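Q: Here's the feature list from TrEMBL:
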- 21-44: transmembrane segment (TRANSMEM)
- 78-95: transmembrane segment (TRANSMEM)
- 107-127: transmembrane segment (TRANSMEM)
- 133-155: transmembrane segment (TRANSMEM)
- 162-185: transmembrane segment (TRANSMEM)
- 205-227: transmembrane segment (TRANSMEM)
- 248-279: transmembrane segment (TRANSMEM)
- 291-309: transmembrane segment (TRANSMEM)
- 321-340: transmembrane segment (TRANSMEM)
Amino acid sequence: MTSFRGLSKAERPIHPRPAEFFCSVLLLLAIAGLLVSAMLAIMAGPAPLSPSTVLSAIFRFDGSRDHLVVTLLRLPRVAAAMIAGAGLAVSGAIMQAVTKNPLASPGLLGINAGAAFAVVASLSITGVSGDALVWYAFGGAAFAAFCVFFIGSIGRVGATPLIMVLAGAVVATFLTSLTTAILIFDQTTLDAVRLWTVGSLSGRTMEHVFAVVPYWLAGLLGSLLLARHLTTLSLGTDVATALGQNPALWRSLSVVIVILLSGSAVALVGPVGFVGLVVPHIVRLAISVDYRWIIPFSAVIGAIMVVIADLAGRIILANQSFPVGVTMALIGAPFFLWLARYRAGAGRP
């Protein structure tokens, strides 16, 4: 056996870091946890189903009552929860890297509110539905993002974390007020989006899911490709420039990816808050600060969190349509307060 006891660290051969293997194993375990949580969510309901029934409905559909319940009701709901959770969590992670703001998320920076306003306004004015709603959601998300960054950049100080949060609060409040005004005066639209406006998985079908999947996949793949650059951006503009990066280019591409992911999620299930804030911090604290790991872990854990939140809401209220956005608020609000207090105690902005 070869011994390196007498060699310095610089003279010893370099081996792959154990952390890489550890993170890979954890990611596989997280994916397994996602599959288990999805199975439990599909099985749960007024008429509980066995795992074998669920699997046969997915892979050997025969048109029976149980198979119809799985394919028409429960599977689309769980798929929508997974897509929305992953999209919002990855969006939050990207925004925190681009803005160097630990409080950044699609909800706090007004992007969810912009997408929701665009969807409600389009339903009220044009009556569109289906695939067209996705494009309105993208447009609303892009408009809100532009407004937040424009307002946050005004003045000598520039877009500091505090200013960005305040600008996001202003834009989100304004757009939410407009959305509320439309719903007050348009009863038809209110009836159509009553639960959706607070984040709901009720009534989701595979048609809704397939309408957003292409854009969601494009955003997710783009985020994985940009992971290395996001790690550099999270260190600051000066560091990124010194390393030969083009911060403006990568920020622009990152914003496009955020719009694709958050726009898809909002168009599918409505504005679910706190997912994009809570999940990236959990990943950083427990796993890694490298965005090559933050992105995939955020996607998987975000999907698990929304699936479990929806399942918990259905169990607590005996299978009633309890909005998942409310459940996430109950989880995310205490975490947000803890995070703000923790950073204040650490002397961080």
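Placement of Cβ uses the backbone N, Cα and C atoms for every residue, glycine included.
No curator has checked TrEMBL annotations; they are predicted automatically.
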Q: Count, for each of 107-127, 162-185, 248-279, 291-309, the Cβ pairs lying under 8 Å from the transmembrane segment (78-95), and report the range with the highest count.
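A: Going through each listed stretch, the top one turns out to be 248-279.
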Q: So what's near the transmembrane segment (205-227) in sequence-distant terms, Cβ-Cβ under 8 Å and 6+ beyond its ends?
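A: 71-72, 75-76, 79-80, 83, 86-87, 90, 94, 130-131, 133-134, 138, 250, 253-254, 256-258, 260-261, 263-265, 267-268, 291-292, 294-296, 299.
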Q: Quick test of the contact rule: Cβ under 8 Å, at least six residues beyond the ends. What residues does that give for the transmembrane segment (248-279)?
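A: Contacts of the transmembrane segment (248-279) (Cβ under 8 Å, skipping residues fewer than 6 from its ends): 80-81, 83-85, 87-95, 97-98, 103-108, 111-113, 115-116, 119, 133-134, 136-138, 140-142, 145, 193, 195-201, 204, 208-209, 211-212, 215-216, 218-220, 222-223, 226, 229-230, 232-233, 240, 298, 301-302, 305-306, 323-325, 328-329, 331-333, 335-336, 339.
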Q: Could you give the residue numbers and ranges of same-chain residues that sit at least 6 residues beyond the transmembrane segment (107-127) on either side and whose C-beta is under 8 angstroms from one of its C-beta atoms?
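A: That would be 88, 91, 95, 133, 136-145, 147-148, 164-165, 167-173, 175-176, 178-179, 182-183, 186, 188-189, 192-193, 197, 258-259, 262-263, 266-267, 270-277.
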Q: I need to check the long-range neighbours of the transmembrane segment (21-44): which residues 6 or more away from its ends have a CB within less than 8 Å of a CB in the stretch?
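A: For the transmembrane segment (21-44), the sequence-distant neighbours (Cβ-Cβ under 8 Å, at least 6 residues beyond its ends) are 50-51, 54, 70, 74-75, 77-78, 81-82, 287-288, 293, 296-297, 300-301, 303-304, 307-308, 310-311, 314-315, 319.
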Q: Counting only residues 6 or more past its boundaries, what in the same chain has a CB within less than 8 Å of a CB in the transmembrane segment (133-155)?
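A: Result: 106, 109-119, 121-123, 163-164, 167-168, 170-172, 175, 211-212, 215, 255, 258-260, 262-264, 266-267.
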